[in-house]
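According to TrEMBL, the protein has these features:
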BINDING   A:Q39, A:L40, A:R41, A:E42, A:K43, A:N71, A:S110, A:K139  4-amino-2-methyl-5-(diphosphooxymethyl)pyrimidine binding site
BINDING   A:D72, A:D91  Mg(2+) binding site
DOMAIN    A:9-190  domain 'Thiamine phosphate synthase/TenI'
There are 2 protein chains.
Amino acid sequence: MRDNLDLSLYLVTDQKLSRGRTHEYIVEQAVRGGVTIVQLREKDVSSRVFYELAKSLMGLLRPLNIPLIINDRLDIALAVEADGLHIGQSDLPYAVARRLMGKDKIIGLSVENLAQAREANELDVDYIGLSPVFSTRTKQDINKPLELSGVKEIIGITKHKTVAIGGMNSLNIESVMKTGVDGIAVVSAIVSQENPQEAAFRLASLIHHEK
Amino acid sequence: MRDNLDLSLYLVTDQKLSRGRTHEYIVEQAVRGGVTIVQLREKDVSSRVFYELAKSLMGLLRPLNIPLIINDRLDIALAVEADGLHIGQSDLPYAVARRLMGKDKIIGLSVENLAQAREANELDVDYIGLSPVFSTRTKQDINKPLELSGVKEIIGITKHKTVAIGGMNSLNIESVMKTGVDGIAVVSAIVSQENPQEAAFRLASLIHHEK
């Protein structure tokens, strides 16, 4: 799984932005439209609800061979045997996460600046998430957006695969792809759209055009 | 560890109720006073902070041979090789928790009524927590307090060791011990006290007097 990781169009879920539609609905539509990897991110639900959601998405994605990545909660990732874990700078340390997840699982790490990207070069993470590229209302980031210049700087020094996240949509996605990132992660550009499948298809087309 | 589990005086941490004092200070004082087991419960901190706290408390408690139980977060329990995990009815299912924790670790389960206590008889949990015994401001419980009558009913049917939690203090602890529970779990009756060691000592004396 770790060798042929396709980060092209990376969907991060957000229940609050999904306009009352279930994760299962959004994810199924998004994958039909061209999403290549899915991250389940939940902050305000019980462990039981998180577990049930993750199990349900695993049932949906495994047959389609689309990896499911769990945000932060390594216990949920282990419980459902998810394909991987995504950690941020205030989650479990990478070394601990790798020890518990095992060497065959995907682990992604968010980096918010050049210094963190350099540190990540010392780790055998499967990808880094560059976050946030632009300012966004999805996540209350206290970090300054990287902007295109910051993304380019990180691409220049990182040894890892990269996915860019934060404020991307069909209008700015081409400029971000031109920096050399391996993929684009989106939340509202898919989950909040009237037709998530169509939205994913349009984004995927733009991404593949730039690859 | 699972065979000689001493639940007599079970401390559950709460940073908000600790009057600005660190977990390390409270726990060290409490253990000196007679606490036999400690649960780290954190709801509003990052995984990194939870992990660092748990690691710090393990360093303190392991040499004293006092078990550290992690509330809810199985990943944190695994990360620091804690002695056990405490789960509630909205946390990971017991079977999943046992599979991931392994058979040698302590797992406790909260039960809020007689029906849940009967269900727990089907599981090889190490203890059940009867919660809440009385109403309390520590936890915003939506559940009706068991009161002494409810505790007695559960003691009458459970096959497990028991610890009672919720609204207990030096004034009502004797009446709860007389129901036959194996231990008393407290939060504010230790962590909010001017002198946590003295508070623990007084509670431990009352408990051992009734044993």
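Note that Cβ sites are derived from N, Cα and C of the backbone, with glycine treated the same way.
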Task: Residues from A:R41, A:E42, A:N71, A:D72 facing chain B - binding-site residues, CB under 8 A - done: A:D72
TODO: Enumerate same-chain residues with a sequence separation of six or more from A:N71 (4-amino-2-methyl-5-(diphosphooxymethyl)pyrimidine binding site) and a Cβ-Cβ distance below 8 A; give 'none' if the list is empty.
DONE: A:V12, A:Q39, A:L40, A:R41, A:E42, A:L85, A:H86
- [ ] Write out the long-range same-chain contacts of A:S110 (4-amino-2-methyl-5-(diphosphooxymethyl)pyrimidine binding site), meaning residues 6 or more apart in sequence whose Cβ is under 8 Å from its Cβ.
- [x] A:H86, A:I87, A:G88, A:Q89, A:I128, A:G129, A:S131, A:I165
Open item on the list: What does the structure give for the C-alpha distance between A:D72 (Mg(2+) binding site) and A:K43 (4-amino-2-methyl-5-(diphosphooxymethyl)pyrimidine binding site)? Integer Å is fine.
Closed with: 9
- [ ] Count the Cβ atoms, other than its own, that fall within 10 Å of the Cβ of A:R41 (4-amino-2-methyl-5-(diphosphooxymethyl)pyrimidine binding site), considering every protein chain shown.
- [x] 18
Task: Densest Cβ neighbourhood among A:Q39, A:L40, A:E42, A:D72, A:D91 (binding-site residues), 10 Å radius - done: A:L40
